[in-house]
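Let me begin by presenting the structure, written as structure tokens, before commenting on it.
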Amino acid sequence: MTLHTLDELLADGVQGRYVLVRSDLNVPLSGAEDTNLTVTDDGRIRASLPVIEKLAAAGARVLVLAHLGRPKGAPEAKYSLRPAADRLAELASVPVSLAADTSGESAQKAAAELADGQVLVLENVRFDPRETSKDDAERAAFAAELAELAASGADKEAAYVDDAFGAVHRKHASVFDLALKLPSFHGDLVRTELDVLRKLTDSPERPYVVVLGGSKVSDKLAVIENLIGKADSILVGGGMLFTFLAAQGHEVGASLLESDQIDTVKDYLARAEAAGTSFVLPTDVVVASKFAADAAHELVAAQAIESSSFGAAGIGLDIGPETSQAFAEQISAAKTVFWNGPMGVFEFAAFASGTRAVAQALADSAAFSVVGGGDSAAAVRTLGFADNAFGHISTGGGASLEFLEGKELPGLTALDR
């Protein structure tokens, strides 16, 4: 795969040129009103900033494309990029403004008024249903409108930079189709993510330990299958652990269970044993009376969840201290660690201990460590860990997993030309 770099674009010169940058501004927000929201984790904004500033500093007229959340193809106040754009403007050393629309007359007017070295964030691309359309023609038409924005008063050829690694697994108009319409390059963030993930897939230093958590085992099946025979150990926590316990014949009470995946998990356990990959499952679990921050809870053996005072109504919400210690020892002995998915409901203080223990073990480890984006990145920041405590915190949750699954990523395919 041959991808053109940002340095190549800068060497070619961007003074006075429009450069459309697909950034990842899909950040968590909080607030009582849809119109009074603030960014609670600006990690992705900070990660997107260097490319935007490099281009603006070199005299480009930067048009930032991004999405936030999952709007249903129409404007919704709670999904506006306004909070993200405001935070970007606070952090940036160059002028940043927000357009009221993504395309159309008002967006064209705002783009035409952009001066060299200025940045315009276009409104959420997913406000247009064509962004995520399965119809190739619809997506291509929307991409053409986006490309047209770069022709607003400019006499130099526009360019496209994909710096949204968290979206490269999507065949969307601003990720795939737009890259086919303009000279295209990949940004520093995408390059860094690829370099890091290739260390995990090409020749990881061993022992190579993978820590998987999160709610559903079905979300991780493909990556688990691809890791069998490649990872030395796979540590399983989070809601997905209960399907593994059920596959071993244990009762799991009212814990999250994907019964339709039990046979698949049984198959993976057998294949892993034959391939020399060991699954390390919890030996103790924190079981609660209900899914709530203030729920009564007890520590029980993982193989006897229904032995708690809650009986079959008990819900497992975190791994226990014995498991946390065992996982920490595995991480301490590793040379390479990839972690994706929290160990429990970290948003509730009573059930955050397992996730905190894994994060601390990674922070203390001398191994090359990668925190796989999404909920894992949010968890370590929520629990007070600095980004530099880990080797790398990925901005791509789903994209990272699909890369490790060996899947083709449309956003990268479009750049390979």
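Keep in mind that glycine also has a Cβ here, set from the backbone N, Cα and C atoms.
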Co-listed substrate-binding residue [Swiss-Prot; alongside ASP24, LEU25, ASN26, HIS67, LEU68, GLY69, ARG70, ARG126, ARG170] among ARG44, ARG87, ARG139: ARG44
Neighbouring C-beta atoms (10 Å sphere around the C-beta of GLY69 (substrate binding site)): 15
Fewest other C-beta atoms within 10 angstroms, as judged across ASN26, SER376, which are the binding-site residues: ASN26
Span of the substrate site, taken as the largest CA to CA distance across ASP24, LEU25, ASN26, ARG44, HIS67, LEU68, GLY69, ARG70, ARG126, ARG170 (Å, rounded to a whole number): 18
Rounded to the nearest Å - Cα separation of GLU347 (ATP binding site) and HIS67 (substrate binding site): 24
Coarse DSSP state, helix versus strand versus coil, of GLY316 (ATP binding site): strand
Shortest C-alpha distance to ARG126 (substrate binding site) - which of the binding-site residues LYS220, GLY316, GLY374, ASP375, SER376: GLY374
Shortest C-alpha distance to ASN26 (substrate binding site) - which of the binding-site residues LYS220, GLY316, GLY374, ASP375: GLY374
